[in-house]
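Here's the structure we're looking at; comments come further down.
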């Protein structure tokens, strides 16, 4: 059996521009693509932290070191410059692949530069103001 697992995540990136009159996709700085193990043309889910919008599209490689996170085409109606987003890619894996695979989790700063790389999808970096779901307790 194959399971759909998170393989890559770029967490809390800032949208740098949105262009309604483009053929579609999301443009992402090549440095971020490398860090997250994402390829041009790969399907991603975009989650807008500011307004809750979720959409699927594909990745276009942007200029290395530019910090670009560009929302292109119809998605520009849902996601706007300045919004914080999470980009997530999933992969189909068998049980052996799941046991051996470490997802790529990339945290970025306000200029979309990688500041922390990891593999725990629930990790909240120290000083980020985020809470890991692993730290929640229930009475």
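Cβ atoms here come from the backbone N, Cα and C positions, even for glycine.
Since the structure is predicted, the reported quantities are computational estimates derived from the model, not experimental observations.
Residues or ranges marked as active site, schiff-base intermediate with substrate by Swiss-Prot: 25. Around residue 25 (active site, schiff-base intermediate with substrate), a 10 Å sphere centred on its CB holds 18 further CB atoms from the protein chains shown.
The pyruvic acid (Ser) annotation in Swiss-Prot covers 25 and is backed by sequence analysis. Secondary structure at residue 25 (active site, schiff-base intermediate with substrate), taken from DSSP and collapsed to helix, strand or coil, is coil.
Residues annotated as substrate binding site in Swiss-Prot, with sequence analysis given as evidence: 57, 73, 74, 75. In sequence order, 24, 25, 26, 43, 44, 46, 72, 73, 75 are the residues near residue 57 (substrate binding site), counting only same-chain partners six or more apart with C-beta under 8 A.
Reduced to three states, the DSSP call for residue 58 (active site, proton donor) is strand. Long-range C-beta contacts of residue 58 (active site, proton donor), restricted to its own chain and to partners at least six residues apart, with a cutoff below 8 Å, comprise 24, 25, 26, 41, 42, 43, 44. As annotated by Swiss-Prot, active site, proton donor applies to 58.
What Swiss-Prot records for 116-139 is region 'Disordered'.
The compositional bias 'Polar residues' annotation in Swiss-Prot covers 129-139.
Around the Cβ of residue 74 (substrate binding site), 12 further Cβ atoms fall within 10 Å across all displayed protein chains.
Within 10 Å of the C-beta of residue 75 (substrate binding site) we count 21 further C-beta atoms, all protein chains included. A Cβ distance under 8 Å defines the sequence-distant neighbours of the region 'Disordered' (116-139), meaning residues of its chain 6+ beyond its ends; these are 6, 9, 35, 102-107.
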